[in-house]
Amino acid sequence: QDEEKWDFVLVSDIHEVGSEKEIKRKKFLDELSKKGFTIKKIEDKKLFYGVRAPKQIFQKYQGLLRKPDNRLQNPNVHQDIPATTRIRIVNFILQNTTTPDLEKLHDLMKKKVFEATFPLHEKEEVREFLKEKWARWRGIFCQQPIEKIRCYFGEKVALYFAWLGWYTCLLGIAAAVGTVVFVAGITVFSSSQVSKEICEASNTIMCPLCDQKCSFWLLSDTCTYAKVTHMIDNEGTVLFAMFMAIWATVFLELWKRQRATVVTNWDLYRWDEEEEELAMELINNLQHEPRQYQHSYFRSTIILLLVLLMIAVLIGIAHALVIYRVIAVALFTQSNFAFLREQANTMAVMTGAVLHYITIVVMTKVNRRVALYLCDLEKPRTFSQRENNFTVKIFTFQFFTNFSSLIYIAFFLGRINGHPGNYVRIAGKWRLEECHPSGCITDLFIQMAIIMLLKQTISNVMEYLVPWISHKLRKKQQRPKKRRMILGEEEEAEDPCKRQWLSNYQLNEVNIFSLFDEFLEMVIQYSFTTIFVAAFPLAPLLAFFNNLFEIRLDAIKMMRLCRRMVPRKANDIGIWLYVLEAIGILAVIGNGLVIAITSDFIPMQVYKYTYSPCMTENNTGVDCLTGYINHSLSTFRIQDFEPYTNGEPGLALTGLCCRYRDYRNADDYGYTVQFWHIFAARLAFLILFEHVALCVKLIAAWYVPDVPQFVKNQLLDRKHSNLHEELRWVMPQKV
């Protein structure tokens, strides 16, 4: 039965005898035969070639790298070599076998000599267990069988699921705290003094929000919007932002401990990837010379300039979204529908968020091609180096794609738009948007909520449906041929390999980036969950529920809908750990900026402790925020409007002035002392928050050791016993 196990299957179209493709295919298969490979051919609509490597290859591997796969140190255990290691070695040899025309398998696949190459999903005990217990929706709250995943898919996939499970587990804590903060915000929905003042401001006339068709309006008209804003923007949000900065650090520190425990059990703690790769090269070709390390400052400079150019393009797209929102507001305010006119700003934010999501989907594909092109320019020495370079570039591009628009809303919206009588305009025509009198944080909340919900619903549905539909279609296309084969050539149809190879071929193709895509998706989600969490406390809750489904969705895809991945050996999640640490630092900076700049927390505190009735009149019987709204609005004389501002008179008949959100004088419209006071307080808070948060992060990183003590002791005992064993062999020779 072992003789009928095939390591890999190569699929090719049926080419004409004597054609160039047929000759190239024969040359490649001949090279494999010279290396001792057994090849079996099965013909259907396509040609299937099963390949099985000779035992000597695996004996060489175990001789060169005995420790990782053979703890017993017994040279005669080649039958017990794990299936994942077999597949990995055979894949390496297939990819690096060169024909007399100096072509490798990669080149032949580009020229359509071979259509596909994949290891087989074997009908073994581990697979059946994973299909029944792991790749099922009903197991959504069950613990994952990481050891079994490792036995079937290799260490890299097992570590991904171990990390994802750990991340989801700790997200539960963050989600609970975020929900408590949000619920606490709802309980003060109507009790906020600032909201009360806005709701009661029936005599406060506000300046028009656009040039044409916009009337003067009463501040009390936006009562509900103000209540929603102060539901998000309160003292609890500040504490939650600090908590999330600490949570991000503790999560990574605890993951390092978890990873150390897992890889020690796998005997891979001190595994050397470079040594492994050199061993594989020598097994494939004894005359192989290692490729030397190289560095070119010229090439690095070119790549850096191209990366900066790409970032500039992505920021340009964010600017285009800003221009869309400005024009959308202008068009909505001129609409014949009263609802669109009244909710012009909110509708512009919501449609802008949907447009932003579409740009994310499109630019993700563009970013991948650009990052791959830049990696080819770099000419990395090894595959793992290429993967690391690609990871850094694609994450950088994706970060700007996802967050440029959010950064504008958080830190620029309503701060660069000028003031009545002197608005900043695009092309001298359209006014830039301005914030609501109760703050800009609701705009950021809406943008984040829409993007996260769309990413986690549409993207996940597509991620599952596309492979499922594709698999069903491929299966349907193969069926008629299969029936004819059974009727016409019963002997060949009886071949058990044929049915197995066909069923594997009908599954969806996987590539080297299949697992990478899953990691990237989760890391971008982690960025959303931590960086702007001050504006959207429900982000961890959404991420938590998404991940519960994501784990099973990925499991079902890998086990039922896709061909078997080529196992990869690894002892950590690689460069992703450094990316996550960078996000942790960005989270501190981002949340500090959101509270200091986007939120009204600082202006409220400055008013409370400097200008409020509690301070100026020693009146302790009233709420200290009484009068805050009137204090935060400036006055504008209506006759100073630009001549082409054609606002409808409306309420303007009752007074000569209107109010707008800013700290400016009523005479020359210059900044008041209060503006500079608040500006200084914002900077002071930002510096204090970031230093305190970073210090707490450093203390947490020091307090929680990366490697548990029992793992260190286990490694110490292992070293001691190995040296002791060697000494026993050395001592008798000296006697």
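Positions of Cβ are set from backbone N, Cα and C atoms, glycine also.
Note that TrEMBL annotation is computational and uncurated.
Per TrEMBL, the range carrying the annotation transmembrane segment out of 203-220, 347-364, 437-454 is 347-364. Feature transmembrane segment, per TrEMBL, maps to range 523-549 of the set 523-549, 685-711. Per-residue confidence over the domain 'Anoctamin dimerisation' (81-146) averages 87 (mean pLDDT, predicted model).
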